[in-house]
Amino acid sequence: MADAEARAEFPEEARPDRGTLQVLQDMASRLRIHSIRATCSTSSGHPTSCSSSSEIMSVLFFYIMRYKQSDPENPDNDRFVLAKRLSFVDVATGWLGQGLGVACGMAYTGKYFDRASYRVFCLMSDGESSEGSVWEAMAFASYYSLDNLVAIFDVNRLGHSGALPAEHCINIYQRRCEAFGWNTYVVDGRDVEALCQVFWQASQVKHKPTAVVAKTFKGRGTPSIEDAESWHAKPMPRERADAIIKLIESQIQTSRNLDPQPPIEDSPEVNITDVRMTSPPDYRVGDKIATRKACGLALAKLGYANNRVVVLDGDTRYSTFSEIFNKEYPERFIECFMAEQNMVSVALGCASRGRTIAFASTFAAFLTRAFDHIRIGGLAESNINIIGSHCGVSVGDDGASQMALEDIAMFRTIPKCTIFYPTDAVSTEHAVALAANAKGMCFIRTTRPETMVIYTPQERFEIGQAKVLRHCVSDKVTVIGAGITVYEALAAADELSKQDIFIRVIDLFTIKPLDVATIVSSAKATEGRIITVEDHYPQGGIGEAVCAAVSMDPDIQVHSLAVSGVPQSGKSEELLDMYGISARHIIVAVKCMLLN
């Protein structure tokens, strides 16, 4: 706390009077009563965790924060993120360790995009400080000088299984926060006046985020339960709860309420609906360009169309080509460094309340580390767009650690998530534009090697609509691919046609939702024969998605070609053949299917 602002005297005009302090204390007591009653009625919940933070909540919501109670989605309202295992508005966090990253995204948006006065408060448990994602967020907030962000550590000593590593050694938490570059205050979390003071002082600090390390006690105000182990996530027995509620009620001295301060209304108006590219794709059939590069170009083009498009990257921007966007719009590019978990949570925060159209990009393989954050974003139905490059064995020389072979399966499990797998540059640009306007999470899967443009600039694309690239009345088998395997399917079709064997070739474009109508009609036109081919593991991939889509039709047979085993390093075309997804293997599969 070397900064003068951090040591600022608490001015008389900002101090709550004795009556206000009593009201804040009484409100904390009422919050305890509400938590006891709510958890008893459902036989589930965390009354002891609620009790430890009641004074913090009372001071924040009824003295410090500025918001309109009648308009909780107001863009000028202060934001509150509850990272403890409790429900809250704006963005769900669920498992611990995600809330601070979301708060960072909100604070970054407020400071750099909205340039508004609203502040962001994040309440965390001491237990979740064992999560690495917390410290990814701490580093991010410090690096970007998020002085509109306050993180409150509710240090109540106890976790689910007993005492936490640091217990009540408050100085350990203080030193850790200060080491990460945060302005840090230590406070008695039961003292409403002290809480009012440190939150006011935090509002005076510039160029640094503030951490408030509050010493609290789990189950505060409940005799024989306060600071006792084995009460985590346990509602109180009803007969005991009634006595405790009466005890707490006896300590309440006033029925007065406090109204929150109104927000400062200085957020800009934002329109992120019906975002359109300003011109068609500028590619010609036969051009060669990697879809990862086409994606970077499309992001820059979208950024020109709407100034609320923002791009985040995890220190891979020269490989994902998000650097193209960064060069054009550096003020709307967020470098998150090698912290994929935090990158996803920051994107969730940026997109909250409809303030931005957020795209987060990195290697698709690296997104597996962030899956828990992705999953919670899906549960919240957040409108974020995630781009995963370097997919499948077609990555080539970089080897197995860089090859995403699980990503489709991962994103298929996310409710209402749209999965784009564009084949060429034209379809990639359309995928980016469609994702910007889609509801819910979107995942765009891009490829490392250059591929040929096969669609004209005038081609139209829609979510859930596949493209039939080859078809005739003599087709015997439907071959379904996406991305890199579409080219293998087309090559197989050319070779087979020389032998008077004709196959129908489908480019899925979106893996979720599938174009079931086109798949089924094509299968029926080819005597019920389908072959899927994908640069992905068989589990959870395109083959399984297609099988599920046609499972009720006993006359349709599906044969899947997919990568099996741990891949090696090599040339892209060598690996496609080695792992059974090249044109040669498609030809063999077609002939075997016809023999059967």
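From the backbone N, Cα and C atoms, a Cβ is placed for every residue, glycine too.
Since the structure is predicted, the reported quantities are computational estimates derived from the model, not experimental observations.
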Which residue of D114, D126, D191 does Swiss-Prot report at the same Mg(2+) site as N156, L158? D126
Should L158 (Mg(2+) binding site) be counted as helix, strand, or coil on the basis of DSSP? strand
The answer, for which of the binding-site residues S49, N156, S319, Q402 has its Cβ ringed by the most other Cβ atoms inside 10 Å, is N156
Inside 10 Å of the Cβ of H46 (site 'Important for catalytic activity'), count up the other Cβ atoms and send me the figure. 21
Which value in Å gives the longest Cα to Cα span across the substrate site residues H46, H232, R292, S319, H390, D398, R448 as recorded? 48
When the Cα of H46 (site 'Important for catalytic activity') is compared with the Cα of each of the binding-site residues L158, H232, R448, which one is closest? H232
Please list residues from the chain of L158 (Mg(2+) binding site) whose Cβ is under 8 angstroms from its Cβ, counting only those at least six apart in sequence. L164, K218, D227, E229, H232
